[in-house]
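*Asks:* Mind looking over this structure? Questions follow.
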Amino acid sequence: MANEHDTLLPVHEQHVRDEPNRVSWRLKKVHYILLSVVFMAIGFFFFLPFLAKKKVGPKPKYAVMMVSDGMGPASLSMSRSFAEYITGDKDYILPLDKHLIGSSRTRSSSSLITDSAAGATAFSCAAKSYNGAVGVLDGGKACGTLLEAAKEAGYLTGMVVTSRITDATPASFSSHVANRFMQSLIAEYQVGMGPLGRSTDLMFGGGLCSFLPNSSYQSCRADDLDLLKYAKAEQDFNVLLDRAEFDDSTRHQLPLLGLFSGRHMDYNIDRDPKSQPSLTEMVESALDTLYKFSQSTGKGFFLLIEGSRIDMASHNNDPVAHVHDVLEYNRAFQKASDFIEKTGGVLISTSDHETGGLTVGRQVTPEYPDYIWKPEVLERATHSFEYLAKSIMIHEESELRSYIQNSIFPALGIKKPSHKMVNSLYDARSNVFELISRMSLIIGEQAQIGYTTHGHTAVDVNVYGSGDAIRDIRGNIENIEIGKYLEEYLGISLDQVTSKLTDAPIYGDPDRGFKAGAFVHEILEKHSEVNTREYEDYLASSAKRGHSVEL
């Protein structure tokens, strides 16, 4: 018990009596601190070997480049209004809308209006080049691409497209040829026959014909090279050739080559889901596969995605096919954006150029025009103009006029066509391009939309992005700046790869029809003719009267 008189002591005397207790407490505190330090030191040296074994390396980087070939600002306006109409939601926004970060200038080194090859080379090599150039600069020098540089740096790489895998955009990331129509040579690069060997770990798209020897009825090669056989035997590619094989996830082992059509894949409005995967399905599979296998490398991956047939619909001035492929591209973008938001990384989406000079609004009478366009006209159509034109060309001649009136026009969304409309298509029955053009005029007038060209335009195109680092690229930029940005983000060197391409066969093997040192304009002339004939063959490959297509 405390002394009852303690409280009466002067303050200084009470302090003296408490001092031994305070000294004891301080000694205990020092003791505890020393013991803690000793135990921490013991623990540190005990666990140090385990910590040394588990070094934390650089975080994997995931970069996705999406190209909406031929899609301009008006394409988004039309597609958004179309989606508003079919959903009934007047506040509908496209997945891309939330990610707008700027716009891009698109000219090539040879023209104010670029083509897809020069546009893609601007992305892949971060440099301007001439129209028709595929991974090649002015003067005929091959340039290292983002995909090749990423592969050299240890990243996994992939390409997903809805065109031929050998078409201009994917070709410009994976090959080096003087002109885009040298698709047999492009295919050789893609299976690893070029100076760098195999640079692509995953490829999904169309274009099987360029990989088959000319002895095959499906081939579009002029030689007897069997690139599928080479890809399997020499490069260990796992090959998928149909929907069933695509759906079998056990077959998704790298390297992986999926070719789901002889030439281009179908427009989304024409696509049979049982025969071909959609762009979104291919994107989802590619992301999952590359992510899974990148876990063992620790580097991440670079993936190119293209909504290829957006452009082809605009070349045909076909708003029906165009709007459906634009919406499918938006679904694919959402899938890629969700992935990037979950894992981290960068997603860039832009177009190489605008195609068609689309105007959403058109004066169809001499009077002061109405401020309106009609998405319901597009909503009623069930097939692309290309599909319907081909259907006309292969139908029995004796029943053709009735077929046009009772099957083709309902598929265009017009139940009661005028005699003038029917005669217009009947008179063009043997010319696929004229058929497509006349369908465009009919639907364009009905929907009150228009086009200024069957080619490209110089319109600036939108740039979209997702990911933390996307803040570093904004505003109105040159298309080559996108390539430079991705090069810097991935920490790769395009120049280093370019130095390894001094002997790249950009004209191919002289014994197979191309002379080394040939002038570009000679190749352009030769292959533009071949390409036109090939396109006609593609559209009318079954063009024998007496066949009918179910609409």
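Just so you know, glycine gets a Cβ as well, placed from its N, Cα and C.
Nobody curates TrEMBL annotations by hand; they come from automatic prediction.
The structure displayed is predicted, hence computed values, not measured ones.
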*Asks:* Besides Asp167, Thr169, Glu306, which of Asp69, Asp89, Asp91, Asp97 does TrEMBL list for that Mg(2+) site?
*Replies:* Asp69
*Asks:* Using C-alpha atoms only, work out the spacing between Asp167 (Mg(2+) binding site) and Ser116 (active site, phosphoserine intermediate) and round it to an integer in Å.
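*Replies:* The separation of the Cα atoms works out to 9 Å.
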*Asks:* Below 8 Å Cβ to Cβ and six or more residues apart, same chain only. Which residues does that give for Asp352 (Zn(2+) 2 binding site)?
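*Replies:* Within the chain, Asp352 (Zn(2+) 2 binding site) has Cβ neighbours under 8 Å at Val67, Asp69, Gly70, Thr106, Thr114, Ser116, Gly119, Ala120, Ala122, Phe123, Thr169, Val461, Asn479.
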*Asks:* Using C-alpha atoms only, work out the spacing between Glu306 (Mg(2+) binding site) and His315 (Zn(2+) 2 binding site) and round it to an integer in Å.
*Replies:* 16
*Asks:* Can you list, in sequence order, the residues of the same chain other than Asp69, Asp167, Thr169, Glu306 whose CB lies within 8 Å of the CB centroid of the Mg(2+) site?
*Replies:* Val67, Ser116, Ala120, Val161, Ser163, Ala168, Pro170, Gly307, Ser308, Asp311, Asp352
*Asks:* Using DSSP, would you call Asp311 (Zn(2+) 2 binding site) helix, strand or coil?
*Replies:* helix
*Asks:* In Å, rounded, how far does the Cα of His353 (Zn(2+) 1 binding site) sit from the Cα of His456 (Zn(2+) 2 binding site)?
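*Replies:* Distance (Cα to Cα, whole Å): 7 Å.
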*Asks:* Counting other Cβ atoms within 10 Å of each Cβ, which of the binding-site residues His315, His353, His456 scores lowest?
*Replies:* His315
*Asks:* Would you count the other CB atoms within 10 A of the CB of Asp167 (Mg(2+) binding site), including those on all shown protein chains?
*Replies:* 29
